[in-house]
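S.K.: Below is a structure I'd like to ask you about.
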Amino acid sequence: MMDLIISTILLSLFIHFFDKFAKKRTIDGAYRIYVSVSNNKDLKKNKEILEQLLTVKKELNATSSQDQFAKWARLNRKYEQLSQEWEKQSANVKIFQDTFKRVLSLFLWILTRGFRFYIQFKESKTPVFFLPAFLLPSWALWVLSLPRSIYGSVSLTVWNFAVQKTISGIF
């Protein structure tokens, strides 16, 4: 019984701190790894256009608009064209990035919360601890034992809820 109390607290602490501090970094890191090993044409094209854009911008900044106007105008047109093309391509990449991050976030949510739900389902009949019958009215004892625990005990579901609220209130 004591191991159920402690494991529930530790699991809730892990989930809370993972969501608060590590989830965004994990998702961003996974996306960066995917981009570096991916053969996605849109990602490669976006990177190539960005490299060309930066090269043209560097040349444009090095060229005087008064002394070498023809060269500067040609580079400026090329820069504007690449800039528009990069913006269009970036919109496609942004949609893909948002979808990738949303799917990975859902996977992590299922992984962390799913484990908690599994434990709650598996141990739903196991009481976490018992309360004295004179301490609370009978309806309160019944509510604390929901969904399937023994009357007069605190169920794992109620205990999990209390632990989560306490942790989120403290941290």
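Here the Cβ of each residue, glycine as well, is placed from N, Cα and C on the backbone.
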S.K.: Looking at Ser36, Ser65, Ser124, Ser149, which is the one Swiss-Prot tags with phosphoserine?
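M.R.: So the answer, going by Swiss-Prot, is Ser65.
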S.K.: Validate this pair against Swiss-Prot: Leu4 and Arg148, same side of the membrane or not.
M.R.: yes
S.K.: Using a 10 Å cut-off, grab the number of neighbouring Cβ atoms around the Cβ of Ser65 (phosphoserine), all chains included.
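M.R.: Its Cβ shell of radius 10 Å holds 12 other Cβ atoms.
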S.K.: Given a Cβ distance threshold of under 8 angstroms, which distant residues of the chain, six or more beyond its ends, lie next to the topological domain 'Lumenal' (130-153)?
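M.R.: Beyond its ends, the topological domain 'Lumenal' (130-153) has Cβ neighbours at 124.
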